[in-house]
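Annotated features in TrEMBL:
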type	residues	note
REGION	1-24	region 'Disordered'
COMPBIAS	1-12	compositional bias 'Acidic residues'
DOMAIN	40-159	domain 'MARVEL'
TRANSMEM	57-87	transmembrane segment
TRANSMEM	107-129	transmembrane segment
TRANSMEM	135-155	transmembrane segment
REGION	167-186	region 'Disordered'
Amino acid sequence: MWPPDQEPDPDPDPASARAGRSPPGAAMPGLRALLPARAFLCSLKGRLLLAESGLSFITFVCYVASSASAFLAAPLLEFLLALYFLFADAMQLNDKWQGLCWPMMDFLRCVTAALIYFAISITAVAKYSDGASKAAGVFGFFATIVFAIDFYLIFNDVAKFLKQGDSAEENTADKAEEENSDSDSD
C-alpha cells in the first residue's frame, strides 16, 4: 500500500551539502517524527481512525457549504477527537498515561459519534433539500457505519479482556476453596 522507503544516496552531492540544501527526496527528520508509524497506519485500528477522521472532515466541509450549517459542530468535534486518538494510539500514549482508561474513552467516543452522526444525517437528508446537505447526510451515514464498526471491535476486545480476568479469578477462587475444605474423606 505504501511505497517503500527509498535508500539514501551513498555519495551525496558535496556541492549541495556545502550550500546547505538537502536532496529533493530527503524528508526533514523533525517533521517525520510527527507522522504515525507505518505499521500502525496499516493496522485495522489505524485504518479505522483514518477513515473516521477523513469522513468527519468531508462531512464537516459538506455541512459548511450547505444550508444545514447548524450541524457542523458535531463533525468538527469528531474530526478533532479522531485525530487526537489517531496520534495518541500511534504515539502509544495509552502506555505512557496509565491513569486514563483509554479503551473506555475510545468506546464512548465511538458510540456517541455513531449516534450523533445517525441523528444529524437523518435530519440533514429529510429536512434540507440542497445537494450539500444531502451529501453531508450520505457521508454522515458512512461515518456512522465506520464508528459502529469501531465500537463493536472495541467492545469485543474489552469483553475478551474481562472474560480472561473472570476466568483467572474463578480459578484462584476454586483453588482457595479446595485448599480450605476438609479433605479428610480420603
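Even glycines carry a Cβ here, placed using N, Cα and C.
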Exercise for the section: Report the DSSP secondary-structure composition of the domain 'MARVEL' (40-159) as helix, strand and coil residue counts. Expected result: 105 helix, 0 strand, 15 coil
Handout entry: Confidence summary for the domain 'MARVEL' (40-159), mean pLDDT rounded
Key = 90
